[in-house]
Amino acid sequence: MSTTTTTTTTTNTGDFDDYEPTINNLLEKDTLKWIFVGGKGGVGKTTTSCSIAIQLAKVKESVLLISTDPAHNLSDAFGQKFTKHPSLVNGFPNLFCMEIDPTPDHDAPEFINKQNGGGLMDFQELAMSIPGVDEAMSFAEVMKLVQDMKFSVIVFDTAPTGHTLRLLSIPSLLDKGIAKFMDNNLSGLFSTFGNVVGSEHSPEQINSKISSIKKTIEEVNIQFKNPDVTTFVPVCIPEFLSLYETERLIQQLTKLDMDVQNIIVNQIVYPENECGLCHARSKMQKKYIDQMADLYMDFHVTKMPLLKAEIRGVPSLTIFSELLTVPYDPSKPVVLPTENQ
Ligand SMILES: Nc1ncnc2c1ncn2[C@@H]1O[C@H](COP(=O)(O)OP(=O)(O)OP(=O)(O)O)[C@@H](O)[C@H]1O
Ligand SMILES: [Mg+2]
Ligand SMILES: [Zn+2]
């Protein structure tokens with residue numbers, strides 16, 4: 001055995017210990033406030049974010065799970081109707097869910113207008129003249145509102161990748177946009193939009209509203225970029241397209257200065273018998289799991305098994321969620337309550 005080999009082995013063992021294949025690092029981190037769960041359509045974002053939230057609820061005072069996917073499916077996963085206000089998940093004393101739509105032409109403006117005692121609608125039409133300002137405003141306002149609610153930690157079940165990335169990159173884009181906007185002659189703009197804004201808003205009022213939005217967005221931005229406070233958890237499945245998209249997602253998040261420490265690899269097939277289909281799928285998946293092991297040595301990569309049934313309802317989600325903290329042992333297959341019926 002050469003010295004070099006010994007050294008390498010020691011280092012690798014050390015690294016491996018640092019990145020155990022669970023989400024325990026997230027559960028243990030007291031400063032963590034925002035957890036975004038994202039990935040390609042159908043890989044298991046909702047199932048994973050519900051499971052992360054269930055595990056967090058065991059160790060944190062209060063947890064809020066928010067769906068920002070217009071195709072809300074927290075209600076489906078928990079089998080309980082949620083609204084745009086936080087409501088307790090049945091069976092939990094401290095786990096809340098809400099479903100919001102960050103696109104301003106849906107739920108959000110009403111939300112904002114209420115908070116501002118009305119009058120913002122006119123302003124919003126003016127603000128629409130800056131691309132992205134409307135959506136970013138709704139998103140930032142929602143984050144601000146949620147922040148004021150004083151939950152220990154907030155988990156986001158996001159829309160499929162493209163939409164989420166756009167939303168997350170708006171704060172920095174907008175920061176520049178608003179700076180430009182403020183540099184412009186506001187009275188000139190004011191006369192252009194005078195009809196929209198109406199006589200009750202002076203340029204000073206508009207200016208101060210823009211400043212306050214800018215402040216909110218800056219605050220959101222600072223939090224997003226702080227790895228002690230915010231982290232993004234990509235969810236993927238062991239297939240070519242998903243691996244490729246995860247790699248791109250991580251690169252884009254890195255560009256946005258967003259922290260990524262955990263990756264969830266979902267729907268892994270563990271053949272239980274000689275079934276040819278399961279073995280073929282498993283062999284195909286293994287190729288990508290091995291690639292991920294090489295690519296993501298510096299991440300906590302958590303492998304989740306493909307179960308025989310859909311994972312819906314608190315009992316099933318709770319069983320599944322345990323596998324985020326204690327690695328799955330294929331010799332002890334998971335039995336979901338629904339499978340017993
Ligand atoms: N490991 C798993 N084993 C068995 N079923 C699973 C697993 N992960 C997810 N599912 C099921 O697959 C379906 C899709 O999962 P989920 O809704 O979590 O995906 P998603 O990424 O949120 O989808 P969308 O992009 O449509 O929001 C659900 O019916 C869920 O119960
Ligand atoms: Mg979903
Ligand atoms: Zn099979």
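Numbering starts at 1 and runs along the chain as displayed.
Cβ atoms here come from the backbone N, Cα and C positions, even for glycine.
Model confidence over the domain 'ArsA/GET3 Anion-transporting ATPase-like' (33-324) is summarised by a mean pLDDT of 82. The feature domain 'ArsA/GET3 Anion-transporting ATPase-like' is assigned by TrEMBL to 33-324.
Within the same chain, residues at least 6 positions away in sequence whose Cβ sits under 8 Å from that of Gly44 (ATP binding site) are Val235, Ile237, Ile264, Asn266, Gln267, Met304. Residues or ranges marked as ATP binding site in TrEMBL: Lys40, Gly41, Gly42, Val43, Gly44, Lys45, Thr46, Thr47, Glu239, Asn266.
According to its DSSP assignment, Asp69 (active site) is coil. Residues or ranges marked as active site by TrEMBL: Asp69.
According to TrEMBL, the feature Zn(2+) binding site maps to Cys275, Cys278. Using a 10 Å Cβ-Cβ cutoff, Cys275 (Zn(2+) binding site) registers 12 neighbours.
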Entries of Lys40, Gly42, Gly44, Thr46, Cys275, Cys278 (binding-site residues) sitting next to ligand 1, with Cβ under 6 Å as the cut-off: Gly42, Gly44, Thr46
Candidate nearest Gly42 (ATP binding site) in space, where candidates are the recorded positions Asp69, Cys275, Cys278 and distance is Cα-Cα: Asp69
Cα-Cα distance linking Asp69 (active site) and Lys40 (ATP binding site), given in Å to the nearest integer: 12
Most crowded position, judged by CB atoms within 10 A, among Lys40, Cys278 as binding-site residues: Lys40
Same-chain residues at least 6 apart in sequence whose Cβ lies under 8 Å from Glu239 (ATP binding site): Met284, Gln285, Tyr288
Least surrounded among the binding-site residues, given as Gly42, Thr46, when other CB atoms within 10 Å are counted: Gly42
Binding-site residues near ligand 3 among Lys40, Gly42, Cys275, Cys278 (Cβ under 6 Å): Cys275, Cys278
